[in-house]
């Protein structure tokens with residue numbers, strides 16, 4: 001069957017699929033999951049320097065992102081005061097990011113070698129995690145924005161709606177919705193021999209030239225466009241509300257916290273949109289039949305794809321800078337060993353001082369010989 005796109009473009013752009021974060025069609029009509037765009041098999045030449053740069057970026061993002069997101073989850077689980085509705089959603093976001101970051105060493109190896117060496121089971125797992133991350137991240141940010149809208153625009157109703165238990169239920173629903181896509185692609189994904197090299201592919205059902213574009217457009221709409229539209233509506237209503245009143249609650253401190261948390265969620269959403277828009281636009285344009293015609297354009301596409309992964313390690317940094325509670329908990333965690341050592345030294349000094357004082361007192365009470 002004839003490819004939907006010109007062969008030279010696919011020979012340059014594709015090899016093994018494992019990179020990127022938007023769905024496309026490969027020459028054999030296999031649908032690639034979102035983060036799985038960039039590689040260099042099918043005989044395409046990928047300069048070693050570019051390979052090393054991409055792999056180095058992946059490893060840096062993996063290490064930094066895992067440390068940050070694991071710390072976020074630990075802080076939320078460890079401290080009771082951190083178990084708010086907003087932080088429950090943040091935990092879900094960190095969990096999804098942690099899962100996808102764990103796939104980066106495998107995807108980096110795939111980039112470096114130019115083929116998939118890890119077998120069928122791991123291929124299915126990586127594909128499923130990519131789709132789960134894409135949908136759970138978008139849905140969680142949407143839920144956070146709706147949660148902020150309720151807190152700002154309907155403060156009375158928020159007392160009943162915005163509870164940690166209900167936020168946990170929403171998180172479960174988000175993963176269930178993501179399973180509508182995640183489970184089927186895991187079933188359809190497999191490591192196959194394509195052009196004498198092993199590729200990790202998602203085989204779409206026949207007729208591929210119909211279901212491929214339909215699937216790609218649906219992924220684009222439901223994982224990006226619709227969530228961004230809902231988020232935009234929520235924040236538009238919140239801005240109008242915030243401009244219309246001086247105090248949202250009876251307390252200036254509570255009002256300050258509401259605005260601070262709303263600003264945090266807005267920044268997290270903005271960074272998500274900023275990181276994902278470039279690759280989403282690239283893939284949408286390709287879906288409309290316009291392909292990059294230069295090596296520079298292909299290189300830009302590769303790094304736009306990597307930018308999607310960078311988003312997964314930025315969120316903990318945003319929490320540390322924009323949320324006082326997270327900042328305090330992070331500082332407490334990082335300074336704990338030093339503080340323990342200082343306390344041990346202080347206790348030792350006090351013990352020595354006490355012994356010296358006792359010795360001096362004893363010497364004063366002992367009668368001196370005449």
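Just so you know, glycine gets a Cβ as well, placed from its N, Cα and C.
For 123-200, the entry in Swiss-Prot reads disulfide bond. Residues annotated as N-linked glycosylation site in Swiss-Prot: 21, 28, 39. The S-palmitoyl cysteine annotation in Swiss-Prot covers 334. The feature site 'Important for G protein-mediated signaling' is assigned by Swiss-Prot to 110, 130. If you look up Swiss-Prot, you'll see 1-48, 110-124, 189-211, 286-300 marked as topological domain 'Extracellular'. If you look up Swiss-Prot, you'll see 75-87, 147-165, 237-264, 323-370 marked as topological domain 'Cytoplasmic'. Marked as transmembrane segment by Swiss-Prot on the basis of similarity to another entry: 49-74, 88-109, 125-146, 166-188, 212-236, 265-285, 301-322.
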**Asked** When only pairs 6 or more apart in sequence are counted, do the transmembrane segment (49-74) and the transmembrane segment (301-322) reach 3 or more Cβ pairs under 8 Å?
**Response** yes
**Request:** Could you pull out which residues elsewhere in the chain have a CB under 8 Å from any CB of the topological domain 'Cytoplasmic' (147-165), counting only those six or more residues past its ends?
**Result:** 83-86, 88-89, 234-235, 237-238, 241-242, 248-249, 258, 261-262, 265-266
**Request:** Write down the Cα-Cα distance for the residue listed as 'S-palmitoyl cysteine' and residue 110 (site 'Important for G protein-mediated signaling'), rounded and given in Å.
**Result:** 35
**Message:** I'd like the number of other C-beta atoms within 10 A of the C-beta of residue 123 (disulfide bond), please.
**Reply:** 26
**Asked** Hey, would you say the transmembrane segment (88-109) packs against the transmembrane segment (301-322), going by three or more CB pairs under 8 A that are 6+ residues apart?
**Response** yes
**Fill in**
Long-range CB partners for the transmembrane segment (125-146) (under 8 A, at least six residues beyond its ends), listed in sequence order, are 18, 21, 33-36, 86, 89-90, 92-93, 96-97, 99-100, 102-103, 106-107, 167, 170-171, 174-175, 177-179, 181-183, 185-186, 189, 200, 202, 219, 222-224, 227, 230-231, 234-235, 265, 268-269, 272, 312
**Prompt:** Taking the transmembrane segment (265-285) as the reference, which of 166-188, 212-236, 301-322 gives the largest number of Cβ pairs under 8 angstroms?
**Reply:** 301-322
**Within the topological domain 'Extracellular' (110-124), residues counted as helix, strand or coil by DSSP** = 10 helix, 0 strand, 5 coil
**Request:** Could you put numbers on the helix, strand and coil content of the topological domain 'Cytoplasmic' (147-165), residue by residue per DSSP?
**Result:** 16 helix, 0 strand, 3 coil
**Prompt:** Using DSSP, would you call residue 130 (site 'Important for G protein-mediated signaling') helix, strand or coil?
**Reply:** helix
**Item:** Cβ neighbour count (within 10 Å, all chains shown) around residue 200 (disulfide bond)
**Value:** 31
**Message:** What residues elsewhere in the chain lie close to the topological domain 'Cytoplasmic' (75-87), defined as a C-beta under 8 angstroms and at least 6 residues from its ends?
**Reply:** 144, 147-148, 162-164, 166-167, 261, 265, 325-326, 329-330, 333
**Request:** For residue 334 (S-palmitoyl cysteine), just give me the three-state DSSP call.
**Result:** helix
**Fill in**
A correct count of other C-beta atoms within 10 Å of the C-beta of residue 130 (site 'Important for G protein-mediated signaling') gives 28
**Prompt:** Counting each residue once, how many in the topological domain 'Cytoplasmic' (75-87) are helix, strand and coil under DSSP?
**Reply:** 10 helix, 0 strand, 3 coil
